[in-house]
Amino acid sequence: EFTTLFLLFSVLLLSASAEQCGSQAGGALCASGLCCSKFGWCGNTNDYCGPGNCQSQCPGGSPGDLGGVISNSMFDQMLNHRNDNACQGKGNFYSYNAFISAAGSFPGFGTTGDITARKREIAAFFAQTSHETTGGWASAPDGPYAWGYCFLREQGSPGDYCTPSNQWPCAPGRKYFGRGPIQISHNYNYGPCGRAIGVDLLNNPDLVATDSIISFKSAIWFWMTPQSPKPSCHDVITGRWQPSGTDQAANRVPGFGVITNIINGGLECGHGSDSRVQDRIGFYRRYCGILGVSPGDNLDCGNQRSFGNGLLVDTV
């Protein structure tokens, strides 16, 4: 009996003292913006956050540490109405921890270039995805650009978005309308996205709207993946994309505007001012302000010819 009690006490002691974060805890993150120490514990003093003591979510970040570009508090400030009662995402579906976890599957996302490039990429990513999921309006509390990440699924009465394909066959009864931060749509996007992230999205497309990490992964996959003749959004915002002669003739130049062209240029670009483009820019400027970085040049696409039909459905 004594041996049994001793073993039980030992188990309880070990479980109570188990590490909280980082490599010692399967990559878990600290809550409330705390730093993860090199030993796997959460805190906010020098023992946790200081140079040589911090392994993740460190002040100022480190190469490869997305937490140094966007903190939990910044995330909440940017998407401060995502849990409004009128939003599908209420209940913290779009959480900071889910975003950080998903981003870890895409080396280079938010970690490429100097701190200016990294901040611009995060601002641009959240601006474009906020436009796709916005629940805001002109006179909304805190302004129209505080309502990103409100919706999980395409609004209205969307169709099945099934294009006959041998490579990406539609599953019986499944619909491939817009879901998640980037509102990924069509079987020919769900198929390769699912293959890339290791999930069968052709048979289970609604995972993009029910699993937070998969939802973020779908958006980051689109962001990081070039689809010829389009470059990836990532390569554009980090300065890796160099316009070809064809691009230059079409006025497609590096900047936030060409990312809008990649996403929905067939509908929004090449015809002067467009309210949807301005909405994207409004989000981008706000997020750049929160992250403390200038937005750069060439923000709109009014004089750019489109790459072709957009791969996504515009939900606004």
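The backbone N, Cα and C atoms fix where each Cβ goes, and this holds for glycine too.
Pulled from Swiss-Prot:
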SIGNAL    1-18  signal peptide
DOMAIN    19-60  domain 'Chitin-binding type-1'
DISULFID  C21-C36  disulfide bond
DISULFID  C30-C42  disulfide bond
DISULFID  C35-C49  disulfide bond
DISULFID  C54-C58  disulfide bond
DISULFID  C87-C150  disulfide bond
ACT_SITE  E132  active site, proton donor
DISULFID  C162-C170  disulfide bond
DISULFID  C269-C301  disulfide bond
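Feature map: annotations from Swiss-Prot on the structure.
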residue: C30; record: disulfide bond; DSSP class: coil
residue: C35; record: disulfide bond; DSSP class: strand
residue: C42; record: disulfide bond; DSSP class: strand
residue: C49; record: disulfide bond; DSSP class: helix
residue: C54; record: disulfide bond; DSSP class: strand
residue: C87; record: disulfide bond; DSSP class: coil
residue: E132; record: active site, proton donor; DSSP class: helix
residue: C269; record: disulfide bond; DSSP class: coil
residue: C301; record: disulfide bond; DSSP class: coil
Where does the mean pLDDT land for the domain 'Chitin-binding type-1' (19-60)?
74
Disulfide-bonded residues compared (C30, C87, C162, C170, C301) - highest count of Cβ atoms within 10 Å:
C301
Just name the winner among C35, C42, C49, C150, C269 (the disulfide-bonded residues) by count of other CB atoms within 10 A of its CB.
C269
When you put C35 (disulfide bond) at the centre and draw a 10 Å sphere around its Cα, which of the recorded positions C21, C42, E132, C162, C269 have their Cα inside it?
C21, C42
Hey, what's the Cβ neighbour count for the residue listed as 'active site, proton donor' at 10 Å?
26
DSSP three-state call for C170 (disulfide bond): helix, strand or coil?
coil
Nearest to the residue listed as 'active site, proton donor' by Cα distance: which of the disulfide-bonded residues C30, C87, C150 is it?
C150
Nearest of the disulfide-bonded residues (C21, C49, C54, C150, C170) to C301 (disulfide bond), judged by Cα-Cα distance
C150
Looking only at C-alpha atoms, tell me how far C170 (disulfide bond) is from C87 (disulfide bond), rounded to the nearest Å.
29
For the C-alpha pair, I'd like the distance in angstrom between C36 (disulfide bond) and C42 (disulfide bond), rounded off.
5
